[in-house]
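A.B. asks: Annotations for this protein, taken from TrEMBL, read as follows:
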type	residues	note
ACT_SITE	A:Tyr295	active site, O-(5'-phospho-DNA)-tyrosine intermediate
COMPBIAS	A:593-609	compositional bias 'Basic and acidic residues'
DOMAIN	A:10-120	domain 'Toprim'
DOMAIN	A:136-587	domain 'Topo IA-type catalytic'
REGION	A:170-175	region 'Interaction with DNA'
REGION	A:590-609	region 'Disordered'
SITE	A:His40	site 'Interaction with DNA'
SITE	A:Arg146	site 'Interaction with DNA'
SITE	A:Arg147	site 'Interaction with DNA'
SITE	A:Asp150	site 'Interaction with DNA'
SITE	A:Trp162	site 'Interaction with DNA'
SITE	A:Arg297	site 'Interaction with DNA'
SITE	A:Arg488	site 'Interaction with DNA'
Amino acid sequence: MAKKSSISEENLVIVESPAKAKTIEKFLGNNFLVKSSYGHIRDLAKKDFGIDIANNYLPNYVVSDDKKEVVRELKKLAKSVKTVWLASDEDREGEAIAWHLYDELGLTPENTKRIVFHEITKSAILNAVENPRDINIDLVNAQQARRVLDRLVGFELSPVLWKKVKPSLSAGRVQSVTVRLIVEREREIFAFNPKSSYRVTAVFNVTNADGRVSEMKAELSKRFATLEETEVFLNKCKGAQFKVSDITKKPLKKTPAAPFTTSTLQQEASRKLGFSVGQTMSVAQKLYEAGKITYMRTDSVNLADTALKMASEQITGVMGEEYLKIRKYQTKSKGAQEAHEAIRPTELNKPTVSGSQQEQKLYELIWKRTIASQMSDARLEKTTVQIKADGVSEHFVASGEVIQFDGFLKVYLQSSEHDGETEGEEDAGLLPPMNVGDQLMYEMIEARERWSQKPARYSEAALVKKLEDLGIGRPSTYAPTISTVQNRGYVVKEEREGKERAYRYLALKNDEIFSEQKTEITGAERNKLFPTDVGMVVNDFLMRYFPNIVSYDFTAKVEMQFDEISLGKIVWNESIDEFYKSFHQQVEETLETSERNTGERHLGEDPKTGKPVIVKIGRYGPMAQLGESSEDEEVEKPKFASLQRGQHLETITLEEAIRLFDLPRDLGLYEDKKVVVGIGRFGPYVRHDGKFVSLKKGVDDPLEIELDRAIVLIERKKKSR
DNA sequence: CAGTGAGCGAGCTTCCGCTTGACTT
């Protein structure tokens, strides 16, 4: 429904989001016109930092290009109404938006009111209108300090990298710590030394009262460090009489998780639906714009009273009173500002929704999580059975769980913390009935060599969780930050194939021990974040010269300052000055004293020519160099070769680097024309008769490929056209 | 579609946090 002439209204309400504006307009009477500012309308100018450092860090704000039109319209409307209601979010950034609007639209105290609400419900909006206040200038100043600090750090640090590492690179309070996390995790993995031990499991036959026999799995309570110990144990088990030595039953309670925030939604959508964080946000945006869910960029786990009422009706109506338990959740995350509700369906009596498949799936996930958060605990009984044999000191343990009341599990299965793991717990089912003293025959006892797990590489969603734990970044920046570090070439999201690993396997059956060598695939990765060479070199540089900025608690420390500013206890530009004086000196000193950092490594000498072999970051990325450049015309110029996919400055060996200079390589003649293999701008290729055939990664290695195989590829290409 | 890597210097790059579309293949 189009509004009547917009000039006739007496009140103009300005919120941040247009979807929000539409909803709110319905709650307010005809006297109110509701418009959106589309977020911030101004930002620091680009040139000269946008800050007059000598003049108390006076910010120079300009209306952003894409907001000129918005500001023009708001200005016009503001003039035509009696009262302008600034209704941006109640957090640091929202308060600043209100202040920028006030300033830029030329408002006055007489015609302006500041209102806030944390949920988009009729009662919350009407209540806000009843209780206007003034703009909180201390909170605005805290935001200015935040903005100025980020600009100073980003715009002073990035140029240092341009001079010392490579042009166009970037550094910042958030992105540089993000890269650090990934680099350090990669090095932990590289340094990790897996240790093996033997895990022993057994299958016992349990005879029921009616004579039926069922199988029961049990695990030995101890792992053995060596094959010898394992064999000694299995020998002891030969002919041993196993008995049930103990049965304990313990009640177990499971509690639902809090409703979704941006970060937890990204994590669950990644685990259960395989979405990237960017994908989750754009699908959620669609649902939000269609009015199907509440705002998707939030750090709050709170639900509006109206939502609790809807949940209560839905749960009691469909599942019964005993499934209902209304709960209030508290946020645990550092620096949460809770300007919004948790992410929930706008109407809780709709378990499904129309739309694309992705929208349907994400919506259902949100619906289930929201409903489950207001449901009863699940009650389980956990049974643990101990099994022992005379003369054997170690014992087996079998455990089972029985659900006595499913509670919230009826709608929502929480996924485990393990990344990549999908829903469901261990295969703990029901145990067959038994009594202490019962004799059990073993069907089989197996021992399998197992390795300790290396630390897990970050997925996008796991990285977001880590950042949130450290209080770094905000709901609106998690997805963009992950794009930035990839766009800068610091991080890549990749698949890695696993490697084969041999392990020992022993089995005791019919009192005989069998031993076998088996193999497994280990270390395969899908959609995980890896640091690039540039990422590592930049991180090492920052760690050496700016450890304070890339420290994990830098953000937490400055946040404490911002809090003080927002309480009016300290003056914002004095706080910035204290930081900037020493930081700027640090920048100057680094520019003067630090060497160019290209991650250069001397691998040794080429045995054929005696020339040195080095690897470093060149203009076009990581490369190897054979020989040194020299002023002397007599001396041969050095040779260069790019590193291949999967090769890294830190780990490449002399032999691998030397082989890179074998390219381009003559394979021989085919149809009287030369066949040459090399690496070009677009990767490895085979050239024949002026035509190129690309080699697929992981299929053909340019260093290994033979003439026969190359001919196959050439012929295949000929046929395909 | 199929290398490049010296050194100089012009002119450019760059931050974080609020919001949506606007562009196509």
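Note: Cβ is positioned from N, Cα and C throughout, glycine not excepted.
TrEMBL annotations: computationally assigned, not manually curated.
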A.B. asks: Please report, as numbers and ranges, the same-chain residues at least 6 past the borders of the region 'Interaction with DNA' (A:170-175) whose CB is under 8 Å from any CB of it.
C.D. replies: 149-150, 153-154, 157-158, 160-161, 467, 472-473, 477, 481, 484-485, 488, 490, 538, 542, 546, 549, 554-555, 558
A.B. asks: Does A:Trp162 (site 'Interaction with DNA') have same-chain partners at least 6 apart in sequence with Cβ under 8 Å from its own Cβ, and which are they?
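C.D. replies: For A:Trp162 (site 'Interaction with DNA'), the qualifying residues are A:Ser168, A:Leu169.
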A.B. asks: Quick one: DSSP breakdown of the region 'Disordered' (A:590-609) into helix, strand and coil?
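C.D. replies: Counting residues per DSSP class in the region 'Disordered' (A:590-609), I get 4 helix, 5 strand, 11 coil.
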A.B. asks: What residues elsewhere in the chain lie close to the region 'Disordered' (A:590-609), defined as a C-beta under 8 angstroms and at least 6 residues from its ends?
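C.D. replies: For the region 'Disordered' (A:590-609), the sequence-distant neighbours (Cβ-Cβ under 8 Å, at least 6 residues beyond its ends) are 160, 163-165, 533, 536-537, 540-541, 544-546, 615-618, 622, 626-627, 649-650, 652-654, 657-658.
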A.B. asks: To the nearest whole angstrom, state the Cα distance for the pair A:Asp150 (site 'Interaction with DNA') and A:Arg297 (site 'Interaction with DNA').
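C.D. replies: It is 21 Å, counting Cα to Cα.
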A.B. asks: Looking at the region 'Interaction with DNA' (A:170-175) alone, can you tell me the average pLDDT?
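C.D. replies: It averages 97.
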A.B. asks: Please list residues from the chain of A:Arg488 (site 'Interaction with DNA') whose Cβ is under 8 angstroms from its Cβ, counting only those at least six apart in sequence.
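C.D. replies: Expected: A:Leu169, A:Ser170, A:Gln175, A:Val534.
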A.B. asks: Give the sequence-ordered list of residues that share a chain with A:Arg147 (site 'Interaction with DNA'), lie 6 or more positions from it, and have CB atoms under 8 Å from its CB.
C.D. replies: A:Asp43, A:Leu44, A:Pro59, A:Ala96
A.B. asks: List every residue in the same chain as A:Tyr295 (active site, O-(5'-phospho-DNA)-tyrosine intermediate), at least 6 positions away in sequence, whose Cβ is under 8 Å from its Cβ.
C.D. replies: A:Ser17, A:Lys20, A:Ile120, A:Tyr288, A:His340, A:Glu341, A:Ile343
A.B. asks: Any idea what DSSP makes of A:Arg147 (site 'Interaction with DNA'), helix, strand or coil?
C.D. replies: helix
A.B. asks: Rounded to a whole angstrom, what is the C-alpha distance between A:His40 (site 'Interaction with DNA') and A:Arg297 (site 'Interaction with DNA')?
C.D. replies: 15
A.B. asks: With every protein chain in view, what's the tally of Cβ atoms within 10 Å of the Cβ of A:His40 (site 'Interaction with DNA'), excluding that atom itself?
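C.D. replies: A:His40 (site 'Interaction with DNA'): 20 neighbouring Cβ atoms within 10 Å.
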